[in-house]
Every structure is written in C-alpha cells, then in structure tokens.
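K.L.:
Pasting a structure here, questions to come.
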Amino acid sequence: MEMASSAGSWLSGCLIPLVFLRLSVHVSGHAGDAGKFHVALLGGTAELLCPLSLWPGTVPKEVRWLRSPFPQRSQAVHIFRDGKDQDEDLMPEYKGRTVLVRDAQEGSVTLQILDVRLEDQGSYRCLIQVGNLSKEDTVILQVAAPSVGSLSPSAVALAVILPVLVLLIMVCLCLIWKQRRAKEKLLYEHVTEVDNLLSDHAKEKGKLHKAVKKLRSELKLKRAAANSGWRRARLHFVAVTLDPDTAHPKLILSEDQRCVRLGDRRQPVPDNPQRFDFVVSILGSEYFTTGCHYWEVYVGDKTKWILGVCSESVSRKGKVTASPANGHWLLRQSRGNEYEALTSPQTSFRLKEPPRCVGIFLDYEAGVISFYNVTNKSHIFTFTHNFSGPLRPFFEPCLHDGGKNTAPLVICSELHKSEESIVPRPEGKGHANGDVSLKVNSSLLPPKAPELKDIILSLPPDLGPALQELKAPSF
C-alpha cells in the first residue's frame with residue numbers, strides 16, 4: 001500500500017508539471033497574437049477565450065476571471081472553484097451576467113459576458129489553478145456599436161429620416177418664429193408711427209388752436225384799437241371845403257363848396273398854375289402844417305373814387321403818377337369791392353363791407369394818414385411818412401363808368417352818424433367851379449352831431465379830464 005501510494009504521489013507530481021508544461025507551451029505559442037483581443041457588440045454576448053489551455057480531461061481546481069486593474073475594490077468577474085461557480089466576492093455589475101464554459105476535450109476555458117456594456121471594455125485576467133500550481137494570462141475586450149448592416153431596413157430608414165425630419169421641423173419653427181417676430185416688429189413700428197402721428201397731430205392741433213386763439217385775440221384788439229383810434233380821430237373833426245381854383249375844368253362844384261361831380265364837358269375857367277389840367281381832381285381849401293385833422297367824405301353807391309391827402313407842391317399840369325414819393329397819399333376804389341392804396345407798388349385789397357362814408361385822419365407830427373370805413377367803424381389803411389411842407393385834402397370823383405358813377409363826392413360838414421343818403425337838391429342854379437349851384441337836401445343830411453364838450457361831459461367823471469387833453473394815436 002505504501003508503495004502504491006508513493007507511486008501515485010510520484011505520478012501526480014509528474015502529471016501536474018506536464019499539464020502546465022502544455023499550458024506553458026500553449027501560452028508561449030500564442031503570446032502576443034491576435035487571440036488575446038476580443039470584440040463584442042454593444043448589448044450582445046462577449047466570449048473571452050482564456051489563453052491558457054489544459055490537457056484534455058483535466059479539471060482545474062480553481063478558475064478566476066478578474067478585471068485588471070481595479071484598485072481598492074473586488075476584481076472578480078467570475079469564480080469557479082471545486083467544480084462549481086462561486087457568487088461571493090464578485091463585482092456587482094457582473095453578477096448574473098457571466099457564464100464559464102469549459103471544453104474538457106479541447107482543454108479550453110471561455111468566459112461569456114451577457115448584455116455587453118460600454119463599461120465592460122478593458123483588460124481581463126484569466127487565472128487557472130491545478131493542484132498547487134497556478135498560471136494567469138490577460139485578454140482585452142473591445143466593445144463596438146452595432147453596425148448598420150445588422151439593422152433592419154426600416155430601422156435604417158427611420159434612423160436617417162428622423163434626424164432630417166427633426167431638423168426640418170426645427171428650421172420651420174425657426175422661420176415661423178422669425179416671421180412672427182418680423183410681423184410683431186412691423187406692427188409695433190406701425191403702432192409707434194401712428195402714436196407719433198397722433199401725438200404730433202395733437203401737438204399741432206394744440207399749437208394751431210393757440211395760434212387761432214392768439215390771432216382772434218389780436219384781431220379783437222386791433223379792431224378795438226381801430227375803433228378806439230377812429231373814435232379818437234373824430235375828436236379832431238374839421239369842416240373841409242373845396243378850392244375852385246384847383247378844380248379840373250370838367251368838375252362841377254356845389255354852391256357851398258362841399259360837393260363835386262364830373263361834368264360832361266370842359267368849363268371855361270381861368271388857366272392858373274394851381275389848376276389840374278390833365279388829372280380830373282380838386283384839392284381842399286385847407287392847408288395843414290401841424291396838428292391832427294379829421295374829415296369825412298360821403299361816397300354812397302359810387303363805383304370809383306380817389307380820396308386822400310397830397311402835398312401842396314404836387315404837379316398840377318400833365319400826367320402825374322400818384323405815389324408817396326411824389327407827394328400823394330391816396331386811397332382808390334377801382335371797381336366793385338376792389339380797393340387800392342396808391343403805394344409804390346400799389347397795395348390791393350378787398351373790404352368785407354364797402355364804405356358809404358370814408359373818414360380821413362391826418363396826424364402831421366406823427367407822420368400818419370389813416371382811412372376809416374365810417375359805415376362799420378373799421379380801419380381801412382394807414383400811410384406813414386415824414387411830412388414837410390403844407391398838406392391838402394385831395395378829391396377825385398372819377399369817370400362816369402357807363403352811368404354807374406355819376407353821383408358826386410360830398411364832404412360832410414358835420415360828423416356822419418347814420419346811413420342817410422346825401423344827394424343834390426333839384427332847385428337852384430349850378431355853376432362850374434363856382435358858377436353852377438348844387439344844393440344839398442337838408443332833410444337827407446344826418447342830424448347835427450353834439451359838440452365835443454357835450455360828448456366829454458356825458459362820459460364818466462373819471463374819463464372826462466383825460467379825454468380833454470387826448471390826442472389821436474400814431475398808427
């Protein structure tokens with residue numbers, strides 16, 4: 001028995017080296033070749049063949065598959081000991097996912113890893129123990145994504161179309177968003193523009209309202225000033241008469257030298273230097289060299305007339321151009337409701353209400369000649385000039401205008417107060433430039449105006465003293 005036991009021990013001692021001798025030879029024959037590298041698909045099964053091979057029929061005492069390197073934690077992926085798999089000390093991520101496959105005839109040991117993950121990629125050590133001897137070697141696992149060829153055509157189409165579709169949807173959404181933003185921006189700009197226009201309109205409307213209000217106020221003040229100026233001008237009323245020695249030969253004067261009209265033919269009158277021989281005009285008898293003077297001329301329904309003031313030195317012979325530069329400050333009604341101030345150039349205008357009686361005011365020191373519409377108590381026009389030398393009233397009844405302008409010009413002997421017509425009386429004899437008599441119907445004349453003293457005394461006590469020393473204003 002002892003001999004048999006010793007013989008068995010000796011045989012065992014000889015077989016173990018032989019087993020590992022084959023293992024060593026196998027390893028040396030495959031060291032560094034491509035068999036140590038294994039590739040597995042993601043989600044598939046990896047089969048890691050241990051480079052160490054055993055003699056056929058040999059049952060290893062222990063087989064360990066370890067991850068290398070994994071410091072400070074268990075490295076065991078799979079453990080086979082004493083003929084069965086062991087679960088202790090295994091890495092948690094590999095539990096239930098490994099299978100050890102032994103081929104006794106080939107003497108090979110293979111580790112299968114199920115449901116391969118990306119983190120399974122790396123080095124693995126295969127350790128085999130037979131008896132008291134153990135050997136180990138290393139293999140490397142590479143994890144690859146599934147190839148397109150392994151996918152179904154529908155999956156491939158979906159994989160291609162889906163990203164493109166998502167991209168198109170994103171592009172469409174981006175374009176829609178940009179269009180919406182552009183519309184919102186345009187709408188905002190339009191709203192802003194409308195707001196600005198409304199704001200500007202409101203501002204302009206406010207400015208226009210203020211301007212109109214200011215103009216109305218100014219017009220009211222001007223009307224009040226003109227009315228006040230006309231009323232104060234009337235305080236300087238003078239009774240003007242006509243000078244027959246200056247009358248054109250075709251003019252016919254009344255007996256009281258206050259009415260003049262155009263005759264049909266020239267009258268036999270002396271040709272003196274003071275007489276107009278071309279311009280059908282006549283001057284007043286008064287000479288003004290200082291102070292304020294006001295007179296009124298009734299024009300009635302005449303269609304043409306010229307009234308005003310001229311210098312004593314104006315030319316009486318031949319054609320004369322009436323202008324302030326030549327010593328004329330005249331106002332003319334040319335036709336209908338058209339009026340002209342004979343400035344240089346002429347100033348044309350229309351009046352809201354044609355005057356039936358015209359008031360003329362002269363302030364010599366102030367250099368002012370103003371015309372007033374006595375009918376509605378409004379101002380018509382004002383000349384300004386630095387006067388020198390005597391000034392005289394000027395009258396021109398103008399041509400007959402087809403029979404529409406035959407009425408005379410009548411100088412009011414008193415202030416005109418109403419719209420009564422002043423017409424020549426049929427009785428009596430008339431005379432040319434003093435020879436033909438024209439009398440005025442006294443019943444048609446306006447009533448006699450009260451004296452200036454009576455006007456002042458009728459005013460309130462606080463205004464009387466001030467008006468007694470009042471002079472006409474400068475315009």
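Placed from the backbone N, Cα and C atoms, the Cβ positions cover glycine too.
Sharing the feature lines straight out of Swiss-Prot:
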DOMAIN    30-140  domain 'Ig-like V-type'
CARBOHYD  ASN132  N-linked glycosylation site
MOD_RES   SER418  phosphoserine
SIGNAL    1-29  signal peptide
TOPO_DOM  30-155  topological domain 'Extracellular'
TOPO_DOM  177-475  topological domain 'Cytoplasmic'
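In terms of burial and nearby residues, how do these features look in this structure?
P.N.:
Under the three-state DSSP scheme, ASN132 (N-linked glycosylation site) falls in the coil class. In the structure as shown, the Cβ atom of ASN132 (N-linked glycosylation site) sits within 10 Å of 7 other Cβ atoms.
Regional average pLDDT for the topological domain 'Extracellular' (30-155) in the model is 83.
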K.L.:
Would you list the DSSP helix, strand and coil counts for the residues of the topological domain 'Extracellular' (30-155)?
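P.N.:
In the topological domain 'Extracellular' (30-155), the DSSP-based counts are 16 helix, 59 strand, 51 coil.
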